[in-house]
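Just below is one structure, and these are the notes that go with it.
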Amino acid sequence: MESTIGIDAGGTLTKIAYLNEKKKLTFEKFYSNEQDKIIDWLKKQTSIKQICITGGKAKQLQQLLSDSYKIVELNEFEATLVGVRYILKEEKYDINNFVLTNIGTGTSIHYIYNDRYIRAGGTGVGGGTIMGLSKLLTNIDHFEDVIPLTKVGSRKGLDITVGDIYGGILSPIDNSLTASNFGKAATIESNYNNSDILATVQGLVGEVVTALSLQFAETKNIDHIIYIGSTLCNNIHLQNIISSYTKYQNKTPIFLRDGGNSGAIGALLYATNKKS
């Protein structure tokens, strides 16, 4: 039986969404620079005839696949929105207006109004920042190795908090808020290890991304911020940082179970509906 798959070729990861033999939504993930592995996997799936490709590296991958498959292109923001809408429905959320923050290699932020999206902005701080700084500071360069170490790390020896600055004096804002990411590394002798460094890197990224998302949400008086992206996958530490900061500012954070695959899901649904 002929089948269709959706591919989201991102800057760091390439995600694939397809229906398995039991018609269950299934995912595969590869590093985007491992194109040989992607092609080898596709060759083993002999039923695939059509591929819908989205993402920043879609053109590169399309050039390698166009002779073997029918290719459908889709704008990555449209694909992501289709995927997010599908996941929201599956997870029983009834939300029409929200800020969508997609933490990939960098971070892209959109306003979503029903089926309409408007790019609010973004930042170069994202998953690529986590991996780049992790490599520079600890020489650890695999996301799968970063996550377990981050879980046991502490930011206390590296970040300066508001409480550190004010001491016992009453401060105008919450003492637990970060006053300077990595600030203690330059000012005092502090005991820290690789786990602490990795936890602090994630704190930096999480707070920058959340602060920007909150500013956009506040500007348009939007209550819900949906955070997606592969950077959040199994990354409870980063999710907790984002969640607590978002709630502190009286906004509602939402993390979708398969949010990192939303682009691939959207591509699959778009091509499947177009075909039918």
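Glycine is no exception: its Cβ is also placed from the backbone N, Cα and C atoms.
According to Swiss-Prot:
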| type | residues | note |
| --- | --- | --- |
| BINDING | 8-15, THR105, 127-131, PHE143, SER230 | ATP binding site |
| ACT_SITE | GLU76 | active site, proton acceptor |
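Of all Cβ atoms in the protein chains displayed, 19 besides its own lie within 10 Å of the Cβ of THR12 (ATP binding site). GLU76 (active site, proton acceptor) and ASP8 (ATP binding site) are 8 Å apart (CA-CA, integer value). Comparing the binding-site residues GLY10, GLY128 by how many other C-beta atoms lie within 10 angstroms of each C-beta, the top residue is GLY10.
Listed in sequence order, the residues of the same chain lying 6 or more apart from ILE130 (ATP binding site) and placing their CB within less than 8 Å of its CB are PHE143, VAL146, VAL201, GLN202, VAL205, THR231. Note: the Cα of THR14 (ATP binding site) and the Cα of GLU76 (active site, proton acceptor) are spaced 13 Å from each other.
Each of the recorded positions ASP8, GLU76 was ranked by the number of other C-beta atoms within 10 Å, and first place falls to ASP8. Taking the binding-site residues THR14, THR105 in turn, the residue surrounded by the fewest other Cβ atoms inside 10 Å of its Cβ turns out to be THR105. According to DSSP, GLU76 (active site, proton acceptor) is assigned to a helical segment. PHE143 (ATP binding site) counts 19 other C-beta atoms within 10 Å of its own C-beta, drawing on all protein chains shown.
In this structure the C-alpha atoms belonging to GLY10 (ATP binding site) and GLU76 (active site, proton acceptor) are separated by 9 Å.
If you measure from the Cα atom of GLY128 (ATP binding site) to that of the residue listed as 'active site, proton acceptor', you get 18 Å. You'll find the Cα of THR105 (ATP binding site) roughly 14 Å from the Cα of the residue listed as 'active site, proton acceptor'.
Rounded to a whole value, the Cα-Cα separation of the residue listed as 'active site, proton acceptor' and THR12 (ATP binding site) is 15 Å.
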